[in-house]
Each structure stands twice: as C-alpha cells, then as structure tokens.
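Novice: According to TrEMBL:
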type     : residues : note
TRANSMEM : 6-27     : transmembrane segment
TRANSMEM : 67-88    : transmembrane segment
TRANSMEM : 95-118   : transmembrane segment
TRANSMEM : 130-152  : transmembrane segment
Amino acid sequence: MDGSLILFNILNPPVLFFFLGMLAVFFKSDLEIPQPLPKLFSLYLLMAIGFKGGYELAKSGINNQIALTLIASVVMACIVPIYTFFILKIKLDSANAAAIAAAYGSISAVTFITASSFLEKLHISYGGHLVAALALMESPAIVVGLILVRVFKRPLA
C-alpha cells in the first residue's frame, strides 16, 4: 500500500479533529466550541449530504438494483439498533442501551467520506447512489433508539 495514501487519510480534517478532541480530553482542556457553531455545522453537514445524495441519485437514475440497495440500507439502519439494544440491555439500563444502539446503528458520515476518498485515490469507482443511501441511513437508527427508550422505559416508582 502506498504510504502517501495512509498519510492522506490520517491528515484528513475529520480525523485530525478527532485526535484534537482526544488530546483535549487527555489533557483535561476546557476547549469548547461556541454554542451556535455545532448546530450550524450539523445542519450544514446534513444539508450537504442530502443535496449530494439527491444529486447523485438523480444523475444515476433509479432502477431495481438501486431501489433494492436503498431499501436494504434503510432496513439495516433500523435492524442494527434493535439487536444491538437487546445485547446491550444485558448489562445496561434501557436509556443507555438505546442511546448506544442508536449511535452504533447510525451511519458515520466521516467514515463514509474517508472510505470514498480512499476509493477515489485508488481510482476505484462506486455507485453515486451510495451517497443517497448515506443520507437515508442518517436518521432511522436514531428514531428506532428513541422508540426503544419509550417502549422499554421503567415506570417511576
């Protein structure tokens, strides 16, 4: 494997910010992003993913294979948090199990972007509709996690 490719992936801004966050916790820094910015970044990321997914889907068109891929993506985004919840419920309370299961089931945009950059660097093509699958997989796991908390919460004594 090419060393420059590894260096390119390590020097990717999301990866660098991840390491910055780890260092901030390790050194017990009071590093904080001003409150309106995280919401702005989240909205920007969701809009960018949605627009790019819609554009790529419109460009590639929809056929049976693409529709099946998109449906399978949403189904997996719903199933993963459900079985993860029941595994975690063995050792954790419902709220924590559901939160971790929802996070585990939700797709990582940073991982997707890193993987797609890796494939592009190797000149390996992939379907543009996968960006639409990314957009569709963002919220189902979170919604399922919220439903699991609601269904399995303990009544107050």
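For all residues, glycine too, the Cβ spot is worked out from N, Cα and C.
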Novice: For the transmembrane segment (95-118), give me same-chain residues lying six or more residues beyond its boundaries with a C-beta closer than 8 angstroms to one of its C-beta atoms, as numbers and ranges.
Specialist: 5, 8-9, 12, 14-15, 18, 45, 49, 77-78, 80-82, 84-85, 88-89, 126, 130, 134, 137-142, 144-146, 148-149, 152-153
Novice: Determine which residues of the chain contact the transmembrane segment (130-152) at the Cβ level, with the cut-off under 8 Å and only residues 6 or more beyond its ends counted.
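Specialist: Non-local partners: 46, 49-50, 52-54, 56-57, 69-70, 73-74, 76-78, 80-82, 85, 89, 94-95, 97-99, 101-107, 109, 112, 116.
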Novice: Six or more residues out from either end of the transmembrane segment (6-27), which same-chain residues have a Cβ under 8 Å from its Cβ atoms?
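Specialist: For the transmembrane segment (6-27), the sequence-distant neighbours (Cβ-Cβ under 8 Å, at least 6 residues beyond its ends) are 110, 113-114, 117-118, 121.
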